[in-house]
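*Asks:* Take a look at the following structure, please.
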Amino acid sequence: MTLLAVERVSKSFAGNRVLNEVSFDVRAGEVLALVGENGAGKSTVLGLITGLLAPDSGRVVYDGDPVTSWSPHRAREVGIGSVHQELSLNPHQTVAENVFLGQWPSRRGFVLRRDLARRARPLLERVGLDVDPMTRAGRLPLGRQQLVELAKALASKPRLLILDEATSALDDDQVKGVFTVVDELRAAGSSVIIVSHRMGELFAVSDRLTVLKDGEVMATRERAETGHDDIVHLMIGRELSDLFPPKAGEVAAPVEGEDALAIPSEEAIASDKAAAEETPAAPPVPAGRPVLSARGLTVPGACADVDLDLEPGRIIGLGGLQGQGQRAVLRALFGLVKHTGRIELDGRPARLASPREAIRSKIAYVPEDRKVEGLHVAQTVRANLSLTNLDVVTPARRLTTVDRGAEARLVDDLVERMRIKVTGPDQEARRLSGGNQQKVALARWLPSRPRVLLLAEPTRGIDVGTKREIYHLLRRLADSGVAVLVTSGDTMELVGLCDEVAVMYEGAVVDRLAGADLTEERLVRASVTGTEAGTNV
Amino acid sequence: MTAITLPRGLRDNRAAWAFGVLLVTWIGAILFAKGFDSVSSVRYLVQTAAFLGIVGVGQTLVVMMSGIDLSVSGVVALSAVVCAQVASGSGGTTGVVVALVASVLVGIANAAGVTWLRVPPMVMTLATGTIVAGALLVYTNGSPKSAKVPLLASLANDRVVGIPLAFLLWLGITAVAVWLLHASRIGRYVFALGNGERASRASGVPLARTAFVAYGACSLLAGVAGLVLLGFTSTSSLTMGNPYQLLSIASVVLGGTSILGGRGHVLGTVAGALMLTLLTALLASWNISEGVRQIVLGLLIIGLLLAYARERRS
Amino acid sequence: MSERLTGALRGNLDVAGLGALLVVLLAAYSHYDSELFTPASITILSAQFLPLILAAMGQSTVMLAGGIDLSLGSVLALAMAVFAVRAEDGVVVAGALALAAAASTGAANGVLVAYAGLPPIIVTLAASFLWGGVTLVVLPQPGGHVPSGLVDAYNNGWNGLALPVLVIVAVLVLWKAVRTTRFGLSLYAVGGNEHGAYASGIGTRKVKIAAYALAGVFVGLAGIGLAIQTGSGDATIGAPYTLNSIAASVLAGVSFFGGVGQMRATVLAALLIGLLTNLLLFTGLSPFYQLILQGAVLIVAIAVKTFATRERTD
């Protein structure tokens, strides 16, 4: 039986057709995965289903009836619950209040707090969340907030649950918990639509997969009859190989000059790969002097006594479960949070009290939150790219006039080298897809030639094609002498990209993995146990 | 393509809209009201609009970086009162200099409070405005002086080739502000701040320096307006700045600048100030009570805002 | 247990801090006025403070929903004028009319904010002209007359009861009840995360309109209180209440961004501001210094608050 059918739906924004005659259905008691690159139209489809948007043509049929006068309120009433990557929680209200957000149970018009807490508890337990329902939601780490969001969706006893990148901030254990809930729902005859960039998760949990590309449905496949490669091929329209570049020392000649500041061409990627294969055994990485070294780096309440050496040519990862202090380390090194400990730049003590001082020391930071901290999303691509390069586009310092010609050249050059898809330099950053936003967030630092590059979750919510480009760019930068530090919740990414991974647990570095020891299994073990995984297992 | 570019072009050019509405209003005034068709009426209008316009240009700088300056009313009075007081003892030039320095000091205090003490701009500038009002009471013992400062009198009343000097001063100030906000490096910082403080901090925007320039310039201009007003009326009073507090903000917004910051153009404020002055004059020419006049003005402002100053829903 | 205690304390930091300050202030006050804690003194003081307390509650209501009301002073004056003009025909009818006027102007503000896509600060700024005009039409000159029996009972106690205190307590109880309804929770939800609230099926527009209307009721009561306290109406008396109500709300920890704050704290903060003003009179300081001190206290208090409650990490 079909619970929901999307029938020949089209939708345009400001003349851009985002969805073109999209049709698919969800059966009762099944889990449907909706896959596609950023900008393929997944969020728009989900917006139509949850009542946030209305279609230009075509219709959505729910439970046999075409939906009219749809709104989030109506959708929720008829049993559609959703969890989005962007949280809809109110950080200032309690967990219990959030779980029943908008549909608080009341007695004679009054909502009793104790009542709320009592009713919230079983829902929180169900999603594996052990928190006091009276805690303010904003005090929980991001991953737990996402679970509150799931509990909130379950509170309306959904017949259709939508999980839109709902596991992006969760660690593996939490993800398993979510899948248990999904299985329970399926067993009870409810349906689930799941969207995720983590292909493994989709294959683990879904019954069918519908692939969207450029606003059109490419295919719908039974999970049993398809594979990872098939789906990726449908998504991006080509084969994808060499997701990760070779590691430090595996390519003979280091990259120099301007080439390092661009996303490498397909030929360059291929030749790097060939060179890496020819190199019989990776020569030991030259232990260069660290550009930046930290000793006893401490941010009260977030991380303690962290030692780090960032050397030119190496990509260091910060791993571990969500929220173990990785973020604080990066923010401290960029002068965004107060910290103690000794930091040396080129062997000389340095004080990084503000981002300006960090930038002056040639440190660059690409934060995880692109929309709030990484970019000025309401401003143009041009304004974003030139803001960090005003030294380049103003002839002298201080109150000087911006050279518009130089600015245009700088922007065009960066857009081309980073292959940023824009309609023009005047396009607003918020209109770009997540992947292109991330490219802008990265590109804006390149002209000033940073020596240390700090990245938090560099590929979160980004499609696989752009991921690959970013990985190769980061390696290029490293090869040209940049020291790179990356945090990521994606184990595969850390293992594939980094030369060394420092595993953090409760604010401290508990293990460092490199070379043959850097495997997903060891990384996960160290992350979960908070102890050294050991070298001889 | 036009379907995409046209609305975008219109939306981003709210300053042009402001001039369009101004033009239509003015033509309407000439056609349907008495006394708006003479050269002298135009002259008088641009001259009186200059007082509000100069304050408005300064307010634009602050609003563009997501701030707001409610102390302009206090500063207008401060500058006029101090100048009148000092001029009666030590001469006009000293009076002017002391008045402007005092004005800038208020701006510096505003910026310091907003950046270092992290007091919200609305509260900080409200507080400094209150302090200034109190300080003036103490300074003048409640009765401010009149003063005829020849320099200011000619600045406010003289004409060059028939054009009021006050209007020319306003245009000159606007030209500098256009450069500062739309061509200089500081302008980029102002727009960046107006579009997000956290992203600006993480991009290395000098938050303090930008705030000091914007608030400092705003207070300086409010001070200049106070001096021109002193020249115009030859008297100073403790409440002479009061109308400018809300009207300067209204002129900024009617000029198409977003009150949330980061979007707009200084030139729009020129249109906004002219429009408010024109509307006020128009209403004054009708034989209606003060209350009805205010109602009409309020409705007109709301109507104009609805027509072209709406923020898009996020 | 201790965790719960510190949690409760943290949640009530504003109330606790303001309460402590209030005790200090009251101690100082009783030093100058030994009769402070007599019923007569409490009655007359509460009559004096009631308008600001209720106005601040109105402002806080709007701010909790993520808005702001710059027309508050005009609405207060409108309610005062309506009551003063009609009071002789029957106090109850006049009160109902005044409340209805205030609530409907509030709702009109809310409709504009909710549907027009204009930022609240601008809508209510324009509306302040509008409602100010309406007030002038109702009462062009200060006047009107409130029956002297009511004025006397209100200011000097009625059968030994301090009526203003009763009113404030009743309004607080009313708020407490509203706070626990779905509307109350929605108010906080819309202020804390508007998009999230909308996506969760809350009618954000209705909530906003209701919030502004409720604020109108509080402000209307404030206006009526002011009319009874002074015995007549004055269309121009409302202005200072706009900014003072914002100051009190901010002092109480109500966030400019919505969703955060407690009404108890607002009442304490408004009381604090009122007491401070009176205390300055007692110290024999020239009243000219009052404004300076008020402004300085506002800056210091908010700066201290900001630093004390700054989030631990970033």
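For all residues, glycine too, the Cβ spot is worked out from N, Cα and C.
Pulled these features from TrEMBL for this protein:
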- B:15-32: transmembrane segment (TRANSMEM)
- B:44-63: transmembrane segment (TRANSMEM)
- B:94-116: transmembrane segment (TRANSMEM)
- B:123-140: transmembrane segment (TRANSMEM)
- B:160-181: transmembrane segment (TRANSMEM)
- B:211-232: transmembrane segment (TRANSMEM)
- B:244-261: transmembrane segment (TRANSMEM)
- B:266-286: transmembrane segment (TRANSMEM)
- B:292-309: transmembrane segment (TRANSMEM)
*Asks:* Counting only CB pairs under 8 A, let me know which of B:44-63, B:244-261, B:266-286 has the most with the transmembrane segment (B:160-181).
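*Replies:* Selected stretch: B:44-63, with the most Cβ pairs under 8 Å.
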*Asks:* Which one of these stretches, B:44-63, B:94-116, B:211-232, B:244-261, B:266-286, has the most C-beta pairs shorter than 8 Å to the transmembrane segment (B:15-32)?
*Replies:* B:266-286
*Asks:* Have the transmembrane segment (B:94-116) and the transmembrane segment (B:211-232) got at least three CB pairs under 8 Å, pairs 6 or more apart in sequence?
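*Replies:* Touching, yes - the transmembrane segment (B:94-116) and the transmembrane segment (B:211-232) meet the threshold of 3 or more Cβ pairs under 8 Å.
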*Asks:* Checking distant contacts: for the transmembrane segment (B:211-232), what same-chain residues at least six beyond its ends satisfy Cβ-Cβ under 8 A?
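*Replies:* Hits for the transmembrane segment (B:211-232): 50-52, 54-55, 57-59, 61-62, 64-65, 67, 69, 71-72, 75-80, 83-84, 96, 99-100, 102-108, 110-112, 114-115, 147, 149, 151-157, 166, 169, 173, 177, 180, 186, 190, 193, 240-241, 244.
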*Asks:* Six or more residues beyond either end and a Cβ under 8 Å away: which residues meet both conditions relative to the transmembrane segment (B:266-286)?
*Replies:* 14-15, 18-19, 21-22, 25-26, 29, 33-36, 45-46, 48-49, 52-53, 56-57, 59-61, 170, 174, 177-178, 181-182, 247, 250-257, 293, 296-297, 300, 304
